Amino acid sequence: MELSLLLMKQILSMALMILMGFTVVRAGILKTEQSSVLSALVIYLIAPCTEISAFQVEYNSDRLQGLVIATVAAAIAHLIFITLSRIFGDLLKLSSVERASMIYSNGANLIIPLVSALLGEDMVFYTCAFIAVQNTCMWTHGVCLMNKREKPSVKKILLNPNMIAIIAGAIMFFARISLPPIVDTTVANVAASLGAVCMFMIGMVMGGVNFKEAFSKLRLYGVCFGRLIAYPMIFILLISLSGITRRIPEARQVLMITTMAACAPVAVSVTQFANLWGEGDDPKDAGSINVMSVLFCIVTMPFIIWIYQIIC
């Protein structure tokens, strides 16, 4: 319960940063379109620095075991979410945007700062497993789901800045290579800005949203319920039934990080894909779902982690 309260405080702190970004747009100081500059900084500079920095930890068997557990758990989570979205998507006639929104979470930009603040910078290491699995799924299944004409691209997976950083970081981790002190300090300082920059960016995007229109479609509430509550609860139930946290006590904290990523708001990439390949109301719906899920997660994430702590 204590961790859930700390999580809520941290999310509220990040929500205030979002409000700052929102305010500068609504006050006419900046335009929503200018958030693309921050987005580029995050994708090509700050996030890769964060992931490389995360791997700058001492190699040992416990960390390796935790990394394997986190990777397998992330793969299982995505398999479950994709399967459920296929079933419910057919039954409820969900659009590609609605299906993708229920599957893919913002497991990097939002979760890394939260894990760093709540559990310590060393634990950010385990978030890289979820990011790697999600990037692979996003550029294979996600691309096919959102654009029937586009074929999955191994090149796009491997050339994704996050994947390059994770692969480079993993090589240094397994080879036990440490960055020179000055470079390590620089990378760590850049990584430390991830939370604030991402929140400002989200706030600027929200500053250009028509909230009345965004919250007008009732079916989008169902999509947010699936993404933020139903899917994570199913994942938690499977963790509990597996008994892994009882057999391997160290796995409890690692899987909590995976659960945090699994119950995060909708991935920004879904909106980007909708803008590229969406039809009709797809781009508008993607933006609405993204905004709604960010606002709702202030309450749902602490609740999900509280449930995890009780039953796992």
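Every residue gets a Cβ built from N, Cα and C, even glycine.
Curation plays no part in TrEMBL annotations; they are all automatic predictions.
Here's what TrEMBL has on this protein:
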TRANSMEM  6-25  transmembrane segment
TRANSMEM  37-55  transmembrane segment
TRANSMEM  67-88  transmembrane segment
TRANSMEM  100-118  transmembrane segment
TRANSMEM  124-145  transmembrane segment
TRANSMEM  157-175  transmembrane segment
TRANSMEM  187-208  transmembrane segment
TRANSMEM  220-242  transmembrane segment
TRANSMEM  254-277  transmembrane segment
TRANSMEM  289-311  transmembrane segment
Should anything in the same chain at least six residues away from the transmembrane segment (124-145) have a Cβ under 8 Å from its Cβ atoms, list it; otherwise answer none.
50-51, 53-55, 57, 63, 66-67, 70-71, 73-75, 77-78, 82, 96, 99-100, 103-105, 107-108, 111-112, 115-116, 151-153, 156-157, 160, 162-163, 166, 169-170, 254, 257-258, 261-262, 267, 269-270, 273
Does the transmembrane segment (67-88) reach the transmembrane segment (100-118), going by 3 or more CB pairs under 8 Å (6 or more apart in sequence)?
yes
Under a Cβ pair cut-off of under 8 Å, which of the recorded stretches 100-118, 157-175, 289-311 contacts the transmembrane segment (220-242) most often?
289-311
What residues in the same chain, six or more past the boundaries of the transmembrane segment (187-208), come closer than 8 Å to it by Cβ-Cβ distance?
14-15, 17-26, 30-35, 38-39, 41-42, 45-47, 49-50, 52-54, 56, 109-110, 112-114, 116-117, 179, 287, 290-291, 294
